[in-house]
Amino acid sequence: MQSKRVIASCAIRRYVTTLSHKCQQKSLQPTLPLDFCSVSNNDVYSLNRILHDLVKYGSLTSALHLFEEMPKRDVVTWNIMISGYSHYGFPRKSVYLYNKMVSQGIRENSSTFSFILSICANAGLYKEGLEILSRVVVLGFSMNLYIASALVNMYIQMGLTDVAFKVFYDLPKRNLPVWNLVLRGICEAGKPNEFLRLYSDMKLENVEPNGLTFCYLIRGCCIERLIDKGREIHSLVIKTGWLESNIFLANALVDFYSACGILVDTNKAFQSIPPQDVISWNSMVSIYAANNLLHEAVQVLEEMRLWDKHPSAMSFVALLNLSSRRKELLFGKQMHSFVMKLGFDYGNVLIQSALIDMYGKNDDIENSVSVFQSNPIRSLECCNSMMTSLLHLGVPQDVFELFSWMVCENIAFDEVSLSSTIKALSFYSSPSLDSCDLLHCCAIKSGFDFDIMVLCSLIDAYSRSGQIRYSQKIFEVFPSPNIIGFTSIINAYARKGMGCECLGLFEEMIQKGLKPDEVTFLCILLGCNHSGLVVEGKKIFDSMRLHGVFPDRRHYSCMVDLLGRAGLVIEAEELLNHASSAGDSVMWSSLLRSCRIHQNEHVGRRAAKKLMDLEPEDPSVWLQASNFYSEIGEFETAIYIREVAVARKMSRDIGYSLIRVHECH
């Protein structure tokens, strides 16, 4: 017994010294017993205070040593260590400690269950959480307000919103923290109907919201783009006076209006925030950059410098992404210099990745590779950006080599890496089936065989290799087909001339409530074109505006080709004249080719003249026009066109074919 007392006293002295040192670094005074030697081995209260302060000031290892040497522990002791491990990012160790506590016969209190259920919910340890729930019921804690709150949070995280609401509404009392907890969970789950219902019920129960409540309400409106409801909450925020006292709420309003695309109100919300708040400045830079407003983003950046505020890494990422989208290489280089001046270029994975992508999208492959190679740590994000840059520049072989290098260097790839590598196969007109199978097996082995991006890339790769049945099988195993999945399989069918199947999938997609986009319509029109389905193609084209999609030059070009192939050259010409891009030489070339096939002289003459006016320096255009006049018997005109082309010294590049010969040995 005496030896345990000595051990406890030594432990206290040692860890108090550690704690005092940490407190001195933080300029804090530790709250500890004055006479450490007087702390006995049975003084659990004082030891718990020391343990709590060790955890609080970041000495988790010292806290664990003290915990293990304590001769006596109560439930508070265990609670301190359980919450401490979770706070420093070790949720599974928290669960392990909880199970150890139960096995030693220590009975949980309400704080224990509240801690451990929250830990399980936030860490995704749902199985463990449900097992702990049985202890909650057995010990009679199921109606405890704080435990029930943690339980509601776990159910929401699991996606069981109906069960969460039942537990919530069965509570005999619901205070503001509980309402806030449920509102946060529903906002994160993206359930607009439940979110609005909760808000209405909260008002019916006369629960007064605070700044945190309004933050969650604004966030919910932001996620669902509920403009009218968001404006209503904004008015209530002003009326209750929370806007002046809660800076996070003011920033939430900036994010809300920017997400809804109302930049005027976004700027008004920004102007109401004190200039000392650096978060709002960086938010405005990112918002303007996301909306392609280069001048406004740079102006805010300049104002930040006048107020002596430093841009964040996320602001630079947004500006570099803007440079990528707008093909502004000079601006991107200026941002690179700014990043280097502030020291963000070294070791920041997000900025390194954005720089690689910026140079790649601006066709500056040398600088893109230079940034990648200069990075001391070749991270997954940088590798993915390098892959997308190589794909943009049409260098599929280097994508394969980079993926192989990642595997050899034990850099764990993700769905983006794998999808990019599979997409690289699409650069070959007929990728080998062995390559498709190899990457498909890699997807299955790595657990990405149900990722939407990977599956869509596999559908495209298999269809290009001629194995449309494999594309069909992949689409059938989609966990929940979305617009991207349907578009991928429709494109695969269109490539093989299976127009009827494209139309069938389009109807199925509409029945599922999915909204087609411009790419979906283009794939369907291509399928109709390759199958000669003129009537069906016209119906699809006419229905585009009903779905809120306006045809562009690609859709018009496809329809002109479809009508021209069917011999409806007059109708094709009328459609082309009404197109928004009536000056597209590709469409007129397609129309002239159809006129030659179907021997329509009148439309052909107009098409040939229009084509030569649009492309006066293109030798292939003049040759096509010359051949047309030769076919209709106007040889003098054909010779004249060729002489003009020669006089202008037009010449065509010589084409060549490549044939692979499999030799037998």
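Each residue's number is its place along the chain shown, starting with 1.
Backbone N, Cα and C define each Cβ position, glycine as well.
Look at TrEMBL and you will find 74-108, 175-209, 277-311, 482-516, 517-551 tagged as repeat 'PPR'. Annotation source TrEMBL lists transmembrane segment at 136-156.
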For the repeat 'PPR' (277-311), the number of residues DSSP places in helix, strand and coil: 26 helix, 0 strand, 9 coil
Beyond the flanks of the repeat 'PPR' (277-311) by 6 or more, those residues with Cβ under 8 Å of it: 247, 250-251, 254-255, 258, 261, 263, 266-267, 270, 318-319, 321-322, 325-326, 328, 331, 342
Non-local residues, at least 6 beyond the ends, that sit with Cβ under 8 Å of the repeat 'PPR' (517-551): 483, 486-487, 490-491, 493-503, 506, 509, 558-559, 561-563, 565-566, 568
Model confidence over the repeat 'PPR' (517-551) (mean pLDDT, whole number): 90
Summary of DSSP states over the repeat 'PPR' (482-516), given as helix, strand and coil counts: 26 helix, 0 strand, 9 coil
Counts of helix, strand and coil residues, the repeat 'PPR' (74-108), according to DSSP: 26 helix, 0 strand, 9 coil
